[in-house]
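Residues or ranges marked as N-acetylalanine by Swiss-Prot on the basis of sequence analysis: ALA2. What Swiss-Prot lists as phosphotyrosine is TYR925. Taken from Swiss-Prot, the feature region 'Disordered' covers 190-210, 224-251. Sequence annotations record features per position, and here Swiss-Prot assigns site 'Involved in interaction with pre-protein VI' to GLY762.
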Amino acid sequence: MATPSMMPQWAYMHIAGQDASEYLSPGLVQLARATDTYFSMGNKFRNPTVAPTHDVTTDRRQRLMLRFVPVDREDHTYSYKVRYTLAVGDNRVLDMASTFFDIRGVLDRGPSFKPYSGTAYNSLAPKGAPNTSQWIVTAGEERAVTTTTNTFGIASMKGDNITKEGLEIGKDITADNKPIYADKTYQPEPQVGEESWTDTDGTNEKFGGRALKPATKMKPCYGSFARPTNIKGGQAKNRKVKPTEGDVETEEPDIDMEFFDGREARDAFSPEIVLYTENVNLETPDSHVVYKPGTSDDNSHANLGQQAMPNRPNYIGFRDNFVGLMYYNSTGNMGVLAGQASQLNAVVDLQDRNTELSYQLLLDSLGDRTRYFSMWNQAVDSYDPDVRIIENHGIEDELPNYCFPLDGIGPAKTYQGIKSKDNGWEKDDNVSKSNEIAIGNNQAMEINIQANLWRSFLYSNVALYLPDVYKYTPTNITLPANTNTYEYMNGRVVSPSLVDSYINIGARWSLDPMDNVNPFNHHRNAGLRYRSMLLGNGRYVPFHIQVPQKFFAVKNLLLLPGSYTYEWNFRKDVNMVLQSSLGNDLRTDGASISFTSINLYATFFPMAHNTASTLEAMLRNDTNDQSFNDYLSAANMLYPIPANATNIPISIPSRNWAAFRGWSFTRLKTKETPSLGSGFDPYFVYSGSIPYLDGTFYLNHTFKKVSIMFDSSVSWPGNDRLLSPNEFEIKRTVDGEGYNVAQCNMTKDWFLVQMLANYNIGYQGFYIPEGYKDRMYSFFRNFQPMSRQVVDEVNYTDYKAVTLPYQHNNSGFVGYLAPTMRQGEPYPANYPYPLIGTTAVKSVTQKKFLCDRTMWRIPFSSNFMSMGALTDLGQNMLYANSAHALDMTFEVDPMDEPTLLYLLFEVFDVVRVHQPHRGVIEAVYLRTPFSAGNATT
């Protein structure tokens with residue numbers, strides 16, 4: 001050990017090694033400093049030792065990790081409990097901050113998992129194009145019933161001849177020149193056809209193809225899949241063959257040949273086409289029918305016109321930082337960290353603590369949350385800003401886009417050659433009789449690619465995520481009654497004209513119905529997509545994950561020598577543990593999770609024995625107790641807001657408000673908030689983001705006012721604010737006095753309060769917070785003001801309130817109120833009214849704002865804008881020793897579903913951990929002014 005000193009040997013705890021100047025020669029140090037401006041040596045001469053610079057003993061001391069295997073495990077329906085014995089030997093210190101749970105198990109993401117948009121099968125096929133199919137038509141009366149088989153499709157493979165043996169595709173290279181016929185088990189192959197567009201020789205070729213028999217139910221080609229049944233790729237099922245000699249029943253491919261001749265042939269028939277008809281295992285793994293002409297699934301002429309749509313993407317993965325996997329703040333499901341000598345549990349759960357949210361905000365303060373860290377599954381939930389707020393600046397489509405026939409010409413007529421003769425013309429025998437020549441411009445079709453891309457983006461990303469009340473079930477389609485299932489959500493469609501390219505054109509505006517829809521439940525949630533893809537792209541996953549401890553009293557503890565019991569519970573409720581893009585009920589939709597092993601990995605401080613014993617001696621002293629603050633340090637309370645309610649009164653009984661820091665609040669949907677007090681919440685039928693736990697708040701814009709009244713006579717927070725004391729007006733719909741700010745309906749007063757609370761900026765000039773303060777969850781980064789003009793329905797005399805079914809725009813070029821085939825005729829649009837140009841109609845301006853992720857904050861301190869009237873002692877009345885009751889009233893926008901007011905009282909949430917003797921650990925929890933903790937001593 002180095003020279004003894006009365007000072008604690010903190011020097012031995014250097015983890016990064018010595019400073020370079022301590023061990024490099026003076027000349028090299030001088031050179032590095034002199035050349036630093038144009039050539040940085042950086043860490044090229046970094047001391048190679050890791051951790052303590054000296055007094056490290058054995059290689060065992062330097063072991064990176066130790067694995068602890070559970071001494072007991074309990075696998076229940078909804079939870080998995082593990083217990084470890086942590087034996088910390090003499091002259092060692094266990095670093096709890098280095099511990100993590102190493103979990104292995106099996107995950108079934110269920111049939112609702114779809115990790116991509118579109119379809120993987122025939123994605124280039126038109127949505128309404130059928131496979132080559134057959135159907136049976138029954139005609140006639142009861143006495144003379146006839147059934148005929150009808151076929152629709154294409155035969156693409158050219159052959160030399162057609163006989164009763166099938167399509168001749170070549171000749172054997174022998175003296176006999178035997179014909180080679182297509183192997184019916186896989187030929188003609190659907191992917192083989194004519195190699196060129198040229199076919200001008202006038203001969204009558206023979207063609208073969210494949211077709212699906214009437215017993216195979218029709219599906220659109222888009223999304224169709226049938227598994228192969230032989231190694232050549234053939235897909236036919238097998239059929240039973242009637243027993244022959246020996247009564248042995250055999251099987252053969254269910255394939256028959258059907259021959260066709262031209263309709264004009266009357267007698268001397270000769271086959272021009274042969275179709276190899278078969279039954280296959282037809283399925284649609286990632287698409288569904290969105291247009292169905294009738295109720296029957298049987299093959300028919302009408303069902304040729306079915307139209308497909310891809311299933312909606314639904315990424316499923318573990319939550320950010322494994323939110324929800326470990327039990328926190330749940331009665332009877334918290335963990336244990338107890339010394340075996342005393343059996344006092346250092347872990348005390350409180351219903352109103354915010355362990356998960358606190359951890360999210362802590363990470364945000366430490367680093368950039370947009371950088372993913374796969375080990376802890378750390379990929380923060382996000383959304384595409386272009387989806388939340390649509391900047392509809394139109395389409396750059398000045399030039400037309402054409403597509404042309406493969407030959408570049410189009411249909412041509414056949415001409416023969418002639419030549420002049422005297423005063424007339426005669427046939428030219430030197431020129432072919434069949435010359436295919438087109439006249440005029442070459443044929444082309446125009447498609448507005450930019451407009452289609454923009455319209456498709458709006459439908460896939462915005463329209464399909466509209467609230468269910470705006471959607472409908474397609475005719476002749478039956479969906480389940482449970483609206484939380486993937487099948488129901490996937491089957492509902494919406495009219496594209498609700499969110500079309502001409503809606504709010506030229507404006508930066510979010511669709512009003514979408515403002516209250518969780519934007520993080522979306523397939524463009526990049527964090528969830530990353531977490532889903534970490535697990536792979538299949539439904540069944542054998543996973544191996546590392547999960548950190550988040551509980552503030554345990555996660556950074558230095559555990560001194562002794563023997564300890566450490567146990568924790570892990571959830572198996574898929575709705576809590578997993579997250580999905582659509583937020584469907586994963587329990588109903590067949591997801592499941594099972595754990596096969598949960599081990600604990602831990603690291604000892606890599607110190608010499610004598611150094612560790614010095615550290616132990618220091619920490620055993622009660623003046624050096626370890627104290628930890630919960631990062632959020634707040635008591636949270638949830639107050640129910642009934643559907644369509646606008647006022648929420650809150651009363652807090654009388655107490656002393658010393659050391660109180662202020663309020664934070666936001667709004668949550670009841671559906672998206674689990675009951676943390678119970679081990680398993682049977683009513684939590686949702687798997688999207690959980691704002692209560694992960695910080696994905698999005699309803700801040702629904703607050704109008706908040707008033708705060710203490711039972712004292714003090715006007716709080718003073719009279720020098722723009723508006724009345726004790727009341728904070730958050731937004732104004734009508735703003736005659738000009739109190740609003742930033743082209744939106746937020747008041748200047750509230751903007752200033754947020755700048756003060758988040759950045760300590762109480763200045764009304766141009767002052768932007770420093771980058772290190774303006775984090776992902778902060779106010780300034782997430783504040784999004786917007787405005788638009790709409791028709792003045794009162795003062796524009798010619799205004800007609802034409803409802804959606806009677807509006808037309810792009811008629812003839814789009815489907816009618818449905819994402820189906822285009823219909824109608826080209827005609828002048830009757831919607832929307834022009835807001836620009838010489839014929840612009842009278843308009844009014846609408847303003848609003850969105851502010852996601854953050855929580856509204858109101859600070860409480862004696863220097864906040866002169867907090868009320870000060871006494872002659874310079875002490876605010878509220879800080880006197882007398883207790884005060886608190887009344888708060890929140891005014892909010894009505895919502896058509898029950899919600900919750902999430903209110904944080906910012907206090908000091910502290911734990912003090914004392915380890916006086918070997919194997920003894922004591923903890924005292926202190927919370928002011930909401931002292932709800934209890935000591936374990």
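Using the three backbone atoms N, Cα and C, a Cβ is placed for every residue, glycine included.
Each residue contributes its Cα atom, and for GLY762 (site 'Involved in interaction with pre-protein VI') and TYR925 (phosphotyrosine) these two points are 34 Å apart. With DSSP classes pooled into helix, strand and coil, the tally for the region 'Disordered' (224-251) is 3 helix, 9 strand, 16 coil. Neighbour count (other Cβ atoms within 10 Å of the Cβ, all protein chains): 21 for TYR925 (phosphotyrosine). Cβ neighbour count for GLY762 (site 'Involved in interaction with pre-protein VI') (all protein chains, 10 Å cutoff from its Cβ): 13.
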